[in-house]
Amino acid sequence: MKLDRTIGTSVLLLVTFALCRGSAYSLTTVAFTAMSSGTVAFLRFAIGAIALLAWAAFSIQGVGWLARDWKPILVFALIGNSIPFGLMTLGQETVPSGLASVMMALTPMFSALVAHVCLPDEKLTSRAVVGLAIGFAGVFAIVYARGKINLNAGMLYGLGALTLAAICIAVNIVSVRFFRPTNELGTATFSLVVAAITLAPFINFSDFARPVPMEVVYACVALGTVSTALGWLSLLALSKRANAAFSSTVNYLIPIVGMAIGAIFLNEDIYWTDGVALALIIGGTTLVKSGPARPATSRKAAEEPAA
């Protein structure tokens with residue numbers, strides 16, 4: 001009975017995290033109706049940081065851990081938060097939310113490539129190379145379909161920004177091997193604070209020259225509190241209750257949630273090639289991860305869900 005409750009809790013946390021991160025794409029699209037990308041990115045992390053600071057105030061005792069975790073805080077703030085999510089926000093200026101979520105499903109594949117280059121015990125097998133080829137074929141399926149419909153310079157710019165964002169998050173996943181924090185909640189909280197500070201120069205104050213529609217205010221608050229703060233809390237709780245392989249399945253759920261929310265609430269078009277692309281990316285990622293057994297520490301880093 002206790003095992004069933006543990007599994008049920010893990011599944012609930014997995015779905016919660018997928019909903020938090022998958023909804024971010026549609027919320028960003030709503031925020032764009034009255035705000036620029038720089039402002040949206042800053043507000044997301046500023047509100048998220050405030051929410052996590054409030055939570056951490058009751059959960060963290062002392063600040064001595066800061067002397068040990070300042071390096072992870074800086075790395076996660078820049079490579080794991082402000083740069084990739086800033087790029088994602090830029091990309092969504094021209095890319096629909098559903099398609100953006102599919103592009104970010106490439107993150108586990110890029111993490112395998114980065115691990116191959118940086119980690120001696122994470123070399124790609126021939127099966128993994130085939131998986132990478134299949135996954136990247138999914139991206140070409142997207143480009144092929146959009147090329148016949150609405151692929152233009154703006155769309156290419158957006159897809160490029162999303163690809164760079166996926167690469168940044170992949171680098172961040174691998175960096176955990178070198179910068180593992182001793183206080184995960186504290187590091188997550190202060191990394192959001194630092195990320196918000198680095199994004200502050202990109203605020204467009206003209207966005208506030210006229211009244212901001214309430215739906216945009218709600219979208220920004222939800223981006224910070226739900227997509228970011230609650231997303232982090234659910235991810236940290238999940239990592240303590242489930243193994244890395246189970247947690248990494250969220251990388252398959254997030255694009256599905258993102259596409260579904262965009263289609264249902266924003267009336268975004270979904271092309272058949274989007275589904276094909278997602279299937280190819282998921283299939284390719286499965287092959288990449290199905291290589292020979294590796295040390296436990298290697299598997300944990302390689303299978304870390306994209307935060």
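Backbone N, Cα and C define each Cβ position, glycine as well.
Here TrEMBL flags 10-143 (among others) as domain 'EamA'.
Summarising the annotation, TrEMBL assigns transmembrane segment to 42-66 (among others). Remote same-chain partners of the transmembrane segment (42-66), defined as residues 6 or more beyond its termini with a Cβ less than 8 Å from a stretch Cβ, comprise 24, 31, 35, 73, 81-82, 85, 89, 182-183, 185-186, 188-190, 192-193, 195-196, 199-200, 202-203, 220-221, 223-225, 227-230, 232-233.
Feature annotation from TrEMBL assigns transmembrane segment to 73-92 (among others). Outside the transmembrane segment (73-92), and at least 6 residues removed from its termini, the chain residues within Cβ reach (under 8 Å) are 25, 28-29, 32, 37-38, 40-41, 44-45, 66, 100, 103-104, 157-162, 164-166, 168-169, 171-172, 175, 179, 181, 187-188, 190-196, 198-199, 202, 307.
Among residues of the same chain six or more beyond the transmembrane segment (98-119), those with a C-beta under 8 A of the stretch's C-beta atoms are 22, 25, 88, 91-92, 128, 131-132, 135-136, 138-139, 142, 146, 158-159, 162-163, 165-167, 169-171, 173-174, 177, 248, 251-252, 254-255, 257-263, 268, 270, 274, 277-278, 281-282, 284-285, 288-289, 298, 301-302, 304, 306. Among the features that TrEMBL reports, transmembrane segment is placed at 98-119 (among others).
Positions annotated as transmembrane segment by TrEMBL: 128-147 (among others).
Marked as transmembrane segment by TrEMBL: 153-173 (among others).
As annotated by TrEMBL, domain 'EamA' applies to 158-288 (among others).
For 185-204 (among others), the entry in TrEMBL reads transmembrane segment. Below 8 angstroms of C-beta separation, residues 35-39, 41-42, 45-46, 48-49, 52-53, 55-56, 59-60, 65-66, 69, 72-74, 76-78, 80-82, 85-86, 228-229, 232-233, 236 of the same chain, each at least six residues beyond the ends of the transmembrane segment (185-204), sit close to that stretch.
The transmembrane segment annotation in TrEMBL covers 216-238 (among others).
If you look up TrEMBL, you'll see 250-266 (among others) marked as transmembrane segment.
Residues or ranges marked as transmembrane segment by TrEMBL: 272-290 (among others).
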Number of helical, extended and coil residues in the domain 'EamA' (158-288), per DSSP: 107 helix, 0 strand, 24 coil
